[in-house]
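J.: Here you go, one structure.
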Amino acid sequence: MVSAEERHFRVIVRVRPLLQHEVRAHKEALHVHEQEVVLQTQDAFAQSTTHTFQFDDAFDARHSQAAVFDRAARPAVESMLQGFNASIIAYGQTGAGKTFTMEGSSTEGHGAGIIPRSVRHIFDHIEQGRFASPTRFLVRAAYLQIYNESVSDLLKPELCNLTIRETKRRGLYVDQLSEWVVRSPAELAGLLSRGAAARTTAATKANEASSRSHAVFILIVEQSQALPTLVEEGPAANGARRFCVAKLNLVDLAGSERARTSGASGVRLQECKSINTSLSALGNVIFALTDTKGRPHVPYRDSKLTRLLQDSLGGNCKTTMIACASPTDAAAAESLSTLKFAHRAQHVRNHAHVNADVDQKLILHRYETELASLRTQLLERTRGVVDKRRLLEVEEQRRQAEEDKLEAIRELENRSQEVLQEKAAKRRLEAQISQMEGQLLMSGGAVAPSSGLSNEKVQWEYQVRLAELEREREAIERDKEQVHRYKLLLQKQREILIALTSRLNERDETILLLQQELDIRSVRIYELEDSLDRKTAQLIHLQRVSLEHGRLGVTSISGERPERSEIEDWDQQQMLCRSSGASGSLEAMSITSGSGESYSLLILYHAVTGQILRIMCITLRYCNLSDVSINLARPPNFRPKWCALATHGVLTTAKWIRLAVYIG
């Protein structure tokens, strides 16, 4: 049988101890002897049957959490730190101790499970290697669950119904799954606690806190190690590094259960069906991978669980499966099913390799450096308006470079033809030399002494011609390298040209939009200026008319009391503005009728009630008085500034002027 190291798939069994309520009611039917597991079962006729299984390792109640981690999980964690993908999967019936094995009863101390111990081991490795080697680490974490065939983020519960995708660059991944950069075990412990609190659990007859979903805690470790300089110059001369990205999947599967045993109903029954369906799909994948007939199709896509664990099952991963079982005779049937599943899984073979990359990452580093340089150049060029003449020059340079490239390719083809001709000439010379040597042989194998000089001359010419051919071959190789560098340069120039063209188009569109907006604003400004000119002319005219009207006898706009003589002048002009010895207010209004005639309206208000006492209309030139009857309901404190009145049947516009007078 192939060893676990060769197949990269280890299967380990862990048997939990009897619980307090099981000690009296049940007896122990499952026993562990080193790597051997023995199960005693009884059929309906009380016939006892012994089942013996051999696994890579086995644990029972005598083994602590630390021992389980050291022998079962530590090799997978160390493989991940070496650059391999690794997975630790806890499988078994409900209540068999899967969650206790993976998470433990606490994050510290003897009760810590595989996940907190793996985290501690990773950061211990990083701390120990900080001073030993110039390696830089980046640790990220993610936590998800598969509940009723729906993938959700346990660290961001609002992200649900996530999609599993696969690309050539990233492989299998969950789209939009949040990844958290962590710098200490305490931060990881906080994420683990938060995700565990969001995980779906419920009480059943088989388990008081039964996990109703499959949980996957993902640790991604990126390592960057400096390498000796691979190039003499350029951006990558001082930046060559070896990059390594590895992933550790820590999987706590929901327990398989029978609805009759667990007493599930309603929502719990639907969860039970979904769990059993996904575990059945997992069994089908294991069966397909271990089929001796070599089934061409492995049904990874039958379930979200198998799709997510595709790399862990027959892919690029070192996988450790921990099959958890109950020792009681009441659960013997479920334990037998678990052991048979684990025994068959031992035949799965993975194909793990280190996820290290030097050349591609080096190219990526050089690309990022050049990209930063191009961005700097672009920023400098975009500080002003892009010069179109410069763009035309770049286009001309690109066209000239294309022509030079074609010319170089034609020259290379001509050189290749010459090399082929030289090789043919070389073969002809070799044939000629062989023929001449055959002719120089005498009887007994001796060479004629008279032809020695001729033979040496031919050999010398052959060596000279061979050296020339070698020099031409080296020149052609150098030309090929130069053409290759020229192609790369042309590609970079083309990318720069495309970027500049795109930037220029965006700038032209922006300028066009700004120009349109400027035109609109200019038209608006012209309209406002015309309106302002008209208003100014009207204001000047009204001020002139107001100054002319100021001779009507009102002495002060500020409200100073006029003299008695001034009021008597008003009487002489037949203004009829007398009252019964009370203070009042007078408002004057200039009116221009449609026919061009100018009038003045005087409205007298009572000082207390604000009622209109009299409305009078006079002309400016002749001062002839004529009363105009206008029914105007004027509320108190109402002071209109502009209004329209119908005077003599003509619609006119009037401007009100507030004048304070004293009526004696």
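Cβ atoms are placed via backbone N, Cα and C, with glycine included.
Marked as domain 'Kinesin motor' by TrEMBL: 8-348. Summarising the annotation, TrEMBL assigns ATP binding site to Gly92, Gln93, Thr94, Gly95, Ala96, Gly97, Lys98, Thr99. Per TrEMBL, coiled coil is recorded for 391-489.
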J.: In terms of DSSP three-state secondary structure, what is the assignment for Thr99 (ATP binding site)?
T.: helix
J.: Counting Cβ atoms within 10 Å across all protein chains shown, which of the binding-site residues Gly92, Gly95, Gly97 comes out on top?
T.: Gly92
J.: If you average the pLDDT over the coiled coil (391-489), what number do you get?
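T.: A mean pLDDT of 73 is what the predicted model shows over the coiled coil (391-489).
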J.: Going by DSSP, is Gln93 (ATP binding site) sitting in a helix, a strand, or coil?
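T.: Its secondary structure by DSSP: strand.
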J.: So if I draw a 10 Å sphere around the Cβ of Thr94 (ATP binding site), how many other Cβ atoms end up inside it?
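T.: Its Cβ shell of radius 10 Å holds 24 other Cβ atoms.
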